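Single-structure report; data block below.
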Amino acid sequence: MHLSEITHPNQLHGLSIRQLQQIARQIRDKHLQTVAEFGGHLGPGLGVVELTLGLYQTLDLDRDKVIWDVGHQAYPHKLITGRYSDFHTLRQKDGIAGYLKRGENKFDHFGAGHASTSISAALGMALARDMNGEKFKAVAVIGDGALTGGMALEAINHAGHLPKTNLLVVLNDNEMSISPNVGAIPRYLNKMRLSPPVQFIKDNFEEQFKHIPFVGESLSPELGRIKEGMKRLAVPKVGAVFEELGFTYMGPVDGHNLEELIATFQQAHQIAGPVLVHVATIKGKGYELAEKDQVGYHAQTPFNLTTGKAIPSNKPKPPAYAKVFSHTLVKLAEQNPKIIGITAAMATGTGLDKLQAKLPNQYIDVGIAEQHAVTLAAGLACEGMRPVAAIYSTFLQRAYDQIIHDVCIQNLPVFFCLDRAGIVGSDGPTHQGMYDIAYLRCIPNIVMMAPKDEAEMQRMVVTGIEYTTGPIAMRFPRGNGYGVPLMEEGWEPLEIGKGEILRNGDDVLIIGYGTMVYPSMQAAEILSEHGIEATVINARFVKPLDTELIVPLAQKIGRVVTLEEGCVMGGFGSAVAEALLDADVVVPVKRIGIPDVLVEHATPDESKAELGLTSRQIAERVLQAYFQKQVSAVI
């Protein structure tokens with residue numbers, strides 16, 4: 001059987017180990033070829049090929065439900081659930097998603113993009129199953145660092161308290177998240193990897209004991225206590241943590257040995273109550289370059305399969321915002337030992353790996369634990385440090401209570417640096433950084449800013465470090481800057497709450513925030529070609545808003561347009577409209593940004609065009625709103 005013939009995972013039933021191994025090779029080939037051509041996540045999926053095949057051969061997927069954590073592990077799952085012929089559309093507009101979406105396929109039982117959600121979801125399904133009197137297996141596959149997330153531990157704590165609820169948790173332990181795992185839990189799991197299989201000892205000890213003449217049967221009542229003692233000898237001195245939490249622990253199992261995996265899963269299905277199967281895998285398995293560089297090959301842009309090197313673009317690009325951010329932060333940290341960079345398992349993505357390499361004592365990686373990262377930063381701030389929490393916009397959502405309760409209510413000087421703010425592209429709706437303006441703007445005490453380009457971002461990094469009155473946040477986008485000149489030192493902080501006028505005109509006031517400032521200027525030039533002259537403001541700050549600049553100009557010009565790369569509901573445009581109403585300035589305000597929709601996976605340019613956020617579309621929308629007679633000139 002060839003992989004292309006598999007349209008339903010139950011077709012794996014009855015296949016021999018040799019046939020499954022052939023399917024495994026074909027999955028890796030297809031996975032590698034697709035990611036090499038189009039980009040995507042590489043290492044996580046390559047590491048779970050045998051795990052997926054072994055697990056699915058022991059389940060009835062017409063009935064049983066498998067919940068995958070951090071959906072980028074699930075590329076093999078997609079390939080054996082009817083998406084082989086569409087796999088070349090991975091992460092592309094109108095193609096299949098890079099993560100899991102309930103609406104994409106009947107075997108995607110729960111959406112996944114952020115980490116640590118699978119056990120909670122699977123437990124909820126298991127409880128509903130029991131309440132409804134149904135019969136199916138609920139399985140959570142968690143790994144790639146997700147077990148370090150507090151939500152996963154909360155779910156384990158709950159599930160372990162339900163001894164009659166059948167739940168299978170499969171731990172894909174590849175010793176990594178995106179970067180190497182950090183913390184006590186990964187260290188404990190590493191010790192478990194080196195220990196003999198616990199379940200084997202428990203099961204075989206009793207069988208061997210009973211064969212001792214005259215003694216075995218008579219001491220049978222004591223076997224339980226003896227087995228518990230043997231179990232503790234078989235695992236690290238930390239104790240059989242999962243067993244103590246109410247789970248039957250099995251493993252560690254070789255995650256690339258199909259015979260061992262199938263036998264273990266078959267045995268696990270026979271055990272009542274919550275079970276955890278610990279599977280030791282190699283991230284990037286089957287592609288030598290990915291096995292050697294598990295961080296670099298976690299996810300890739302298009303690359304040459306032979307050399308492993310990224311395919312160069314046709315023209316050189318300006319530096320990425322994240323690179324400029326990290327370079328500037330390192331320069332400042334070299335001069336100020338109180339600056340502490342904090343990441344939640346995203347050192348490479350945020351650029352804080354550069355701080356780690358240069359100043360390791362001024363760097364903290366907390367693992368996939370955004371809530372802890374924020375309150376840790378608050379504690380550092382209490383003692384006079386300058387914590388810089390570099391967290392993707394989409395992941396900071398997970399620490400909302402901590403932002404309010406632990407930082408803003410106490411007015412602590414934590415500097416939040418929100419990478420990947422705005423439209424992020426092929427990762428899709430789970431990763432779009434659309435909401436941070438709205439969800440932060442309503443919190444007292446916080447200052448919020450966004451740079452128009454990479455040079456202004458350097459000044460904002462200095463501003464954030466020097467602002468010690470309370471919390472401050474800077475959002476910046478994924479991708480490259482504009483190529484403007486950068487400075488190596490001597491950056492001046494910005495005045496808090498002050499914007500700047502970039503262009504003067506009497507017909508319309510355009511106020512851009514962050515990444516939409518340059519499109520504002522471009523739209524103004526297009527409008528000028530049609531006889532419409534715009535004043536353009538770079539707001540710089542949404543909180544506090546520069547009302548001294550904006551309100552008089554709005555009153556004078558009488559037509560206002562706001563531009564933002566974020567949700568318009570409660571966003572920057574709402575802040576401007578509220579300020580004008582509060583000042584009793586009643587003028588029309590056209591808010592342009594991301595409407596009340598989910599932005600699906602596509603390139604950022606494709607998404608912006610679909611949302612009407614290109615400079616030409618902006619000019620057209622301004623003309624439609626305020627200068628109707630001239631619309632046809634642009635169309």
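Including glycine, each Cβ sits where the backbone N, Cα and C put it.
Model, not experiment: these values are computed from the prediction.
Swiss-Prot annotates Gly113, His114, Ala115, Gly145, Ala146, Asn174, Tyr287, Glu370 as thiamine diphosphate-binding residues; of His8, His13, His72, His327, the candidate listed for that same site is His72. In this view, Gly145 (thiamine diphosphate binding site) is surrounded by 29 other Cβ atoms within 10 Å of its Cβ, with every protein chain counted. All protein chains considered, the CB of Asn174 (thiamine diphosphate binding site) has 24 other CB atoms within 10 Å. Around the Cβ of His72 (thiamine diphosphate binding site), the number of neighbouring Cβ atoms within 10 Å comes to 24. Taking a C-beta cut-off of under 8 Å and a sequence gap of six or more, Glu370 (thiamine diphosphate binding site) has these contacts in its own chain: Ala344, Ile391, Phe395, Leu396, Arg398, Ala399. The thiamine diphosphate-binding residues named in the record, His72, Gly113, His114, Ala115, Gly145, Ala146, Asn174, Tyr287, Glu370, extend over a maximum Cα to Cα distance of 32 Å. Note on His114 (thiamine diphosphate binding site): other Cβ atoms within 10 Å of its Cβ, all shown chains, come to 22.
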